Amino acid sequence: MIMWGLLLTMILIDFGASLRNVYDMKIECPHSINFGESSVTGKVELPPLLLTDAEALVPESSCNMDNHQSMSIIQKVTKVSWRKKADKAQAAKDSFETTSSEVNLKGTCALSHRMVEESYRNRRSVICYDLSCNSTHCKPTMHMIVPVHSCNMMKSCLVGLGPYRIQIVYERTYCTTGILTEGKCFVPDQSIVNVIKNGVFDIASVSIVCFFIRVKGTNYKIMASIKTATANNCNDTDNKVQGYYLCIVGGNSSPVYAPSTTDFRSMEALASLLRAPHGEDHDLSGEEVATYSIAGQIEGKIPHTANAANMLFTAFSGIPSYSSLSVFIGSQDGPVIYSPGLFPRLNQSSCDKIALPLIWEGYIDLPGYYETVHPCNVFCVLSGPGASCEAFSEGGIFNITSPTCLVSKQNRFRAAEQQVNFVCQRVDQDIVIYCNGQKKTILTKTLVIGQCIYSVTSLFSIMPGVAHSIAIELCVPGFHGWATAALLTTFCFGWILILSITLAVLVVLKFFAAILHNSSQENRFKIILRKIKEEFEKTKGSMVCEVCKYECETGKELKAHNLSCPQSQCPYCFTHCEPTESAFQAHYKVCQATHRFRDDLKKTITPQSTSPGCYRTLNLFRYKSRCYIFTVWVTLLIIESIMWAASASETVLEPSWNDNAHGVGVVPMHTDLELDFSLPSSSKYTYKRKLTSPLNQEQSVDLHIEIESQGISTSVHALGHWFDGRLNLKTSFHCYGACTKYEYPWHTAKCHFERDFEYENNWGCNPADCPGIGTGCTACGLYIDQLKPVGSAYKLITVRYSRKVCVQFGEENLCKTIDMNDCFVTRHVKVCIIGTVSKFSQGDTLVFLGPMEGGGLIFKDWCTSTCQFGDPGDIMSPKDKGFSCPDFTGHFRKKCNFATTPVCEYDGNMVSGYKKVMATIDSFQSFNTSSIHYTDERIEWKDPDGMLKDHLNILVTKDIDFENLGENPCKVGLQTSSIEGAWGSGVGFTLTCQISLTECSRFLTSIKACDMAICYGAQSVTLIRGQNTVKVSGKGGHSGSSFKCCHGTDCSQQGLQASAPHLDKVNGIVEQESEKVYDDGAPQCGISCWFVKSGEWITGIFNGNWIVIVVLVFFFILSLILLSLLCPIRKHKRS
């Protein structure tokens, strides 16, 4: 048993170790496969291995896409390593030496000519690795290049490299074909001409990975191009290495070949490679702070059979951070150099003893354009206790959130469309969704209606058509549905309800009447007792027994006490008691006969004669009388019909301001008409009245004021792109020579700072192998790597809040866009924006961490000149300027211990500004945008959330010359074209109207959607001469409503009926489009209006499903038959 237990323990330990060796490689794919030989790439950094194990690595793939066959071929490389000389006890410039040998590797990223192109055509992958080594260990970096078609074929697969397992995860981005950078989809442009046209294209920093391809030919003399780019003194370029770099831009592009004079991407890639030949480091997490011990510069032989040393290296020991694979340029073949523990010299300022990187990674700035962000369509269906929703967009969905739903990460793609499915657990409140910068609202009331209709129809499935028609009315939310249920129940079985309810009411009334009767008799008896007692006390004295001290009510009771109590007997039950007051009192509490004398007195009192009262009347009421039942039945039907029709009214818009002019449709102009209110930035406002003369009501003029939603226009200064990065602290120690003698890889980083402690070593700060004190250098290097663009920043120069105001006063039609503290003045009307409550101010910085359609953050303390690492805006790439690096304000300290290598310490901040902002993002003000338009100098948008408010004042003067104002000559023709949506539901309906305008060129007015009795929605519109298409949205109505397009009191001849309120899919509505307030002072629906609505409903039923009427009449007749059987006519006998 012990052996089995040990074996099981070893298996579990081995299984846990294998789980720890699984790493993820993410490959980002566009969701629309474009034409051309596009490839996608991914990489993953792996933990270090022993040198001998690393040299035996072979990539293995279990993916259903075969790896390119040439990757399994043995690759001969020249291995150059260094070691200490045996005859040297202390370090010096000649105390170490290099050795060169040939080793065989499999699967390194020494790609052959046309390999990637063949892999694309043959649907194969290219899996290879890079090595970053010191003298004892290597860190592998696995790269994978696959055709873009693999994104459709695979979601994930497993690749092996030595002891490691790499899970390849294909992740679809919301980009159609572009590259995801800064949260936006960027499409690079390769034309050089477009770079010259400033402002035509955007500039973005895009990641790039390049692989050197060795191939001979006159067209592949790469050193000649490098000589031109660097102006070095290399003359013998024909005998140098020949080949080119194959690059993939942004992890998703067709191959970019460098050098090339026709592709700007190629030119930028080669320039960046020459500027920083070591590229990005390969530090793992936690290796930001590391120590190198530099042995010094040394030469080696390439290839190993060379007669003399021809390649320059820098020997080091410590954590390997940069690639150990390079290409020797000294011959046309370009031997691959494998140099563990050695930095190859990659600086191309000279021609001798240098190499080119085999694999290079970095960032390049490219011109291009960002993909258009399309609005989302969202719909939901009822699913169980909640709702199942789906959002889709023509392009992609860059951001979707909801405060009321659980938005999943599951995406589906159909061609260029992206779909996101999610679940909302509650439908008792409206579903709010933010998608692609738009606020969508799903009115869940309609979902509940649909479930109700389904349930009622299923319950009466024997007659589904009739049940469906009745369910449509029953399931309307609110009072209308209950009124429908009451009306149908009363019509069919009203007599049962009348009898039952009347009987219940009578029982309750008789119960209370009996209680009141008994209570009055008891009160009369108590009054008599009180009078007897008072008379006895006046004539004979106290009624308190002298023995037991009990207060009696009658004389007989007192006489019994005087006889029994002295004899130790109870005067009521004659039980023996102790002759003490306490004993008697205790007995009286349990005695059952204490009421004996009271009952005798009640019998002697003559009861009061009662006349026929309420109780008797209730007992005689004939509630089963057919006359009573019929009268109540008809009355209830009339009242319920009126209440039913009245309940199908429109949804009243509640303004979010206090209007001090409680206007009506007609306003006599005795005084000036003034409105003063605050209006949310996302709201539109329409005010319409008919102004009449105070002297003659026949003289009038129409007033129509339209105020659009607020527009925000800003003048900005584009600060450029904001970057995130990782700060590294590296210590480089060498025993001899000045610090300036050596080049470190971080010298080519865009942002770096170095502090040198030169010739400062002492005996307490010296490794054992150094020759003495004051001979060497400790270089403390700070540099930023893994740079990644995260957003764009704009400095606010001016902010302008404006609204478009249009006024139709009689024939006069004028419009103007007014700003804050500005007025629009006509002869009779004055509209002013008095002030604006805003969160923006001049000097603020707007930062967009993604598409501008998704909104941004407001920074009050954005640094622009002297920036420290960790400040907002610390790492910037201004447009048309060089890279802007932050200041490192901390102090360096060299920490020493006896006989150990010195270590640099830095007391400054090590966290980037972006990471700090994301950790405290809730403390920053944010804003959403809608209908945004932007350039480098201006940004214009509208606020969809209504977070800002304008204080508005409207003044209409009373000095109107009604006599000289003629009638408006504009003639409006109305025709109803189509209808969408449902009546009586939360979603409502949309009526399409064809409006013709004659006799004038422009006319600002409103078109309403009405049935015969009431209007349910209106749209303010500026008509132009000729035909106009106007869509009017409304909510309300009933199954008999025939909706028409109306202008004032005139309506179209034909009306259309909307669908029943139970759509299978409920579409989301754009919040900003629905936020409008319409005020025309129209009168409310009165009693006559209610009867019209009832008649329209009944007419609609006859014109629609008349089978419902037949069924209802059948149940009505059946109900009458039951009434005649259960409540027969009472027969009276003749006397």
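Start at 1 and count along the chain as shown; that gives each residue its number.
Yeah, the Cβs are placed from backbone N, Cα and C, and that goes for glycine too.
The annotation signal peptide is assigned in Swiss-Prot to 1-18 on the grounds of sequence analysis.
Per Swiss-Prot, the feature topological domain 'Lumenal' maps to 19-495 (among others).
Taken residue by residue with DSSP, CYS128 (disulfide bond) is part of a strand. Per Swiss-Prot, the feature disulfide bond maps to CYS109-CYS128 (among others).
A coil conformation is recorded for CYS234 (disulfide bond) in the three-state DSSP classification, outside any helix or strand. Around CYS234 (disulfide bond), taking its Cβ as the centre, 17 other Cβ atoms fall within 10 Å, counting all chains. Under the heading disulfide bond, Swiss-Prot lists CYS234-CYS351 (among others).
Non-local neighbourhood of CYS389 (disulfide bond): VAL378, PHE379, CYS380, VAL381, CYS405, ASN421, PHE422, VAL423, CYS424, ILE431, ILE433, ILE442, each in the same chain, at least six residues away, with C-beta under 8 Å from its C-beta. According to its DSSP assignment, CYS389 (disulfide bond) is in a strand. The disulfide bond annotation in Swiss-Prot covers CYS380-CYS389 (among others) and rests on similarity to another entry.
According to Swiss-Prot, the disulfide bond annotation covers CYS452-CYS475 (among others), on the basis of similarity to another entry. Taking the Cβ of CYS452 (disulfide bond) as centre and 10 Å as the limit, one finds 19 other Cβ atoms among all the protein chains shown.
What Swiss-Prot records for 517-627 (among others) is topological domain 'Cytoplasmic', and it gives sequence analysis as the kind of evidence.
Mean model confidence of the zinc finger (545-565) amounts to 83 (pLDDT, 0 to 100 scale). Feature annotation from Swiss-Prot assigns zinc finger to 545-565 (among others).
For 570-591 (among others), the entry in Swiss-Prot reads zinc finger. Same-chain residues lying 6 or more positions outside the zinc finger (570-591) and placing a CB less than 8 Å from one of its CB atoms are 547-550, 557, 560-561, 563-564.
According to Swiss-Prot, the feature domain 'ITAM' maps to 611-634, an assignment based on sequence analysis.
If you look up Swiss-Prot, you'll see TYR615 (among others) marked as phosphotyrosine, on the strength of sequence analysis.
For TYR628 (among others), the entry in Swiss-Prot reads phosphotyrosine. Counting every protein chain shown, 15 other Cβ atoms lie within 10 Å of the Cβ of TYR628 (phosphotyrosine).
As annotated by Swiss-Prot, topological domain 'Lumenal' applies to 649-1105 (among others), with the evidence given as sequence analysis.
In the three-state DSSP scheme, CYS777 (disulfide bond) is classed as strand. Sequence-distant neighbours of CYS777 (disulfide bond): residues of the same chain at least 6 apart with a C-beta under 8 Å from its C-beta are SER732, PHE733, HIS734, GLY737, ALA738, CYS739, LYS741, TYR742, ASP756, PHE757, GLU758, TYR759. Per Swiss-Prot, disulfide bond is recorded for CYS739-CYS777 (among others).
Here Swiss-Prot flags CYS751-CYS885 (among others) as disulfide bond, drawing on similarity to another entry. Secondary structure at CYS751 (disulfide bond), taken from DSSP and collapsed to helix, strand or coil, is strand.
CYS765 (disulfide bond) carries a helical DSSP state (H, G or I). Residues or ranges marked as disulfide bond by Swiss-Prot on the basis of similarity to another entry: CYS765-CYS896 (among others).
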Pairwise Cα distance for CYS475 (disulfide bond)/CYS1015 (disulfide bond) [Å, integer]: 22
Can you break down the zinc finger (545-565) into helix, strand and coil residue counts using DSSP? 11 helix, 1 strand, 9 coil
Nearest by CA distance to CYS1010 (disulfide bond): which of the recorded positions is it, out of CYS109, TYR628, CYS815, CYS863? CYS815
For the zinc finger (570-591), residues assigned helix / strand / coil by DSSP: 10 helix, 1 strand, 11 coil
Specify the count of other C-beta atoms within 10 Å of the C-beta of CYS351 (disulfide bond). 19
Spacing of the two Cα atoms, CYS128 (disulfide bond) and CYS867 (disulfide bond), in whole angstrom, works out to 41
In angstrom units, rounded to an integer, how far apart are the Cα atoms of CYS863 (disulfide bond) and TYR628 (phosphotyrosine)? 87
Sort out the sequence-distant neighbours of CYS823 (disulfide bond) for me: same chain, 6+ apart, CB within less than 8 Å of its CB, listed by position. LYS830, VAL831, CYS832, ILE833
Within 10 Å of CYS765 (disulfide bond), Cα to Cα, which of the recorded positions TYR628, CYS806, CYS867, CYS885 are there? none
Ten-angstrom check, please: count other Cβ atoms within 10 Å of the Cβ of CYS109 (disulfide bond), all chains counted. 24
Spatially, which candidate from the disulfide-bonded residues CYS452, CYS806, CYS815 is nearest to CYS993 (disulfide bond), comparing Cα atoms? CYS806
Whole-number Å only: compute the distance from the Cα of CYS234 (disulfide bond) to the Cα of CYS109 (disulfide bond). 28
